[in-house]
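So that you can see what the record holds, here are the features copied from TrEMBL:
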type: BINDING; residues: A:61-66, A:95-99, A:119-120, A:Lys132, A:Lys141, A:159-162; note: NAD(+) binding site
type: BINDING; residues: A:Glu174, A:His233, A:His250; note: Zn(2+) binding site
type: DOMAIN; residues: A:57-168; note: domain '3-dehydroquinate synthase N-terminal'
type: DOMAIN; residues: A:171-310; note: domain '3-dehydroquinate synthase C-terminal'
There are 2 protein chains.
Amino acid sequence: MIVNITLPDNTSYDITIDSLKKMAFDRKVVVVTNPTISGFHLDYLIDKLDAKELSVVTIPDGEKYKNMSTIESILAHCFEHKLNRSSLLIAFGGGVIGDMTGFAASIYQRGIDFIQIPTTLLSQVDASVGGKTGINNKYGKNLVGAFHQPIAVYIDPYFLSTLPKREFGAGVAEIVKMAVTFNKEFFNWLEENDLNSEENIKIAIKKSVETKAWVVSQDEKEKGLRAALNYGHTFGHVIENETNYNTYLHGEAVGIGMVMANELAVKVGLMSEDEAFRVKKVLEKYDIPTKYKIKDVEDFYEHFFLDKKSLDNRIKFIVPKGIGDCEITDKISKDIVIEVLKGFLK
Amino acid sequence: MIVNITLPDNTSYDITIDSLKKMAFDRKVVVVTNPTISGFHLDYLIDKLDAKELSVVTIPDGEKYKNMSTIESILAHCFEHKLNRSSLLIAFGGGVIGDMTGFAASIYQRGIDFIQIPTTLLSQVDASVGGKTGINNKYGKNLVGAFHQPIAVYIDPYFLSTLPKREFGAGVAEIVKMAVTFNKEFFNWLEENDLNSEENIKIAIKKSVETKAWVVSQDEKEKGLRAALNYGHTFGHVIENETNYNTYLHGEAVGIGMVMANELAVKVGLMSEDEAFRVKKVLEKYDIPTKYKIKDVEDFYEHFFLDKKSLDNRIKFIVPKGIGDCEITDKISKDIVIEVLKGFLK
């Protein structure tokens, strides 16, 4: 399966959803990966790669290393191996690897090519479209970075075989997000099919990627519609923050966040209780958490303002309109939000 | 005088060559400058600026601070002042300030707007067109960076009143470069007019900026023609390097480099001795150095390979074809180059 992504400048790239084929590059190639993925799958990848000169840089695993100093270590590797402007980076790992490799590629000699080979379900459906790259710093997540598009993305479902079950669920949460906000038919399909089959997961990845590509094509620099991809994130970020980023995976927090956003949608009359229930049901099928015990609703509410999307002191909520459509609004009053949050006190 | 620059994505910006007018911004603005410019001209600038919130970050002066840690200090200032994606940076200084402010703007929250107010002649004619931003590292100059276009450039000749004479000459060298490689008529004009008059310097800046804009529009990402802007640089970089970057200003080294490139052009029959002499004459009118004593020609030749443009082990020379045209070639044999270098032994 191939999804072609056309960019605003009329260039385009392919997302190939299939087993990796042999690839040959008449230029220097650096693979950026982490010890976990390297241990499981580096041989499998290297076996497919033929390059003028190939080297691998392994960076530590996890969000806390997603910083400028790791970027500098990737760049140093590239300089030591005398990469030039025609050289290529390959991101081989999850979202952290993809974001950092893309950012390093965007600033090495003012920009060189890179390819994404995402190995987690989340990065396969989410990070392969949109061109967002970046790192964290003490002020927050992804606050420094660039828009830099890959020249190709290869999604091989084989890598999912070694993915922990919880991480699989976190990826499914993003798939559900795409369906609820933009594609009713896709949501119906998700209710009826099991993503644990390889054929079905390929279809779901393809549909998610196509949906996201459509959204991004409407709004590359996130001035409007693209914000809808943050459905579940406004609440999710607070949950991640309150639990010190060590209780829930990002996708899991987004799962809970979607349930909260749905309650808000029900409260303001945009979604029926039945529709909210159906979304919850699909999430629970993959053991994605849908419950969270809020300690203090006022405190939870204050946390919204720490999000970078709220730097102007307005909270933007993305609320579904039924299933398959959504609304972006900063007009919901604090009282209504507090009332919804109170539903999560027990 | 206004020069409009159209970019490949069909957006455009204006370069205004005139006394600064009042400017009002309904957004947060951060001015990035250094202590020297700040001491001479910050009050003059602030007096013209009206912003929702205005702050100034002063970074240390000079190439050796053009690194990632200074970028991080600019970003930190922006985060502390809660700049958002609609905020604006203003680069107020020479080329170093422009390159770093542009780079910081390109990666702050994946890219925000910036304006250039270049205060040296070199940055006025050179850095205001092309969108190159970047920093140095231990591997070389400008090896990390981004292409990021300003939304406007304001060139006020008033700032040149405090510019040291040698720095003025370094800027003139870049102007001469533009004329010799691309614009015969402009070169004739330079022979007949004195750039120390305010009216003339404005004309020269305008013509240089227009010429560079034309070159860049043909070749935004430096795949071909744009390399011609490196006329004088292949030799100049070696001279800078041999003298540890502390004897000549960049523009002065380029001045000597042009004289060397002209000798090469004469040797291979692309330029007459008279034409080479005329170029030298214009440079000397502004006390730009045109002589350099090479110690060891073999050693000088080897130095070419340290340049990032030669990572593939071929030296690219930009040699004028008469006056007003040039040729980019990697086909000149070592013997011929060595013979030319020998002319600079005494």
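Placed from the backbone N, Cα and C atoms, the Cβ positions cover glycine too.
Known features from TrEMBL, placed on the structure.
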{"residue": "A:Asp61", "record": "NAD(+) binding site", "CB count, 10 Å": "17"}
{"residue": "A:Lys64", "record": "NAD(+) binding site", "CB count, 10 Å": "11"}
{"residue": "A:Gly95", "record": "NAD(+) binding site", "CB count, 10 Å": "21"}
{"residue": "A:Gly98", "record": "NAD(+) binding site", "CB count, 10 Å": "28"}
{"residue": "A:Thr120", "record": "NAD(+) binding site", "CB count, 10 Å": "26"}
{"residue": "A:Phe159", "record": "NAD(+) binding site", "CB count, 10 Å": "24"}
{"residue": "A:Thr162", "record": "NAD(+) binding site", "CB count, 10 Å": "12"}
{"residue": "A:Glu174", "record": "Zn(2+) binding site", "CB count, 10 Å": "24"}
{"residue": "A:His233", "record": "Zn(2+) binding site", "CB count, 10 Å": "21"}
{"residue": "A:His250", "record": "Zn(2+) binding site", "CB count, 10 Å": "21"}
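Taking DSSP states H, G and I as helix and E and B as strand, the domain '3-dehydroquinate synthase C-terminal' (A:171-310) has 102 helix, 0 strand, 38 coil. Ranking the binding-site residues A:Lys64, A:Gly98, A:Thr120, A:Phe159, A:Thr162 by the distance of their Cα atoms from the Cα of A:Glu174 (Zn(2+) binding site) places A:Thr120 first. Annotated Zn(2+) site A:Glu174, A:His233, A:His250; additional same-chain residues within 8 Å of its Cβ mean position, judged by their own Cβ, are A:Leu122, A:Asp126, A:Ala170, A:Ala173, A:Lys177, A:Gly232, A:Gly236, A:Gly251, A:Ala253, A:Val254, A:Gly257. A:His233 (Zn(2+) binding site) sits 16 Å from A:Gly95 (NAD(+) binding site), counting Cα to Cα. The two recorded residues, A:Thr162 (NAD(+) binding site) and A:His250 (Zn(2+) binding site), show a Cα separation of 19 Å.
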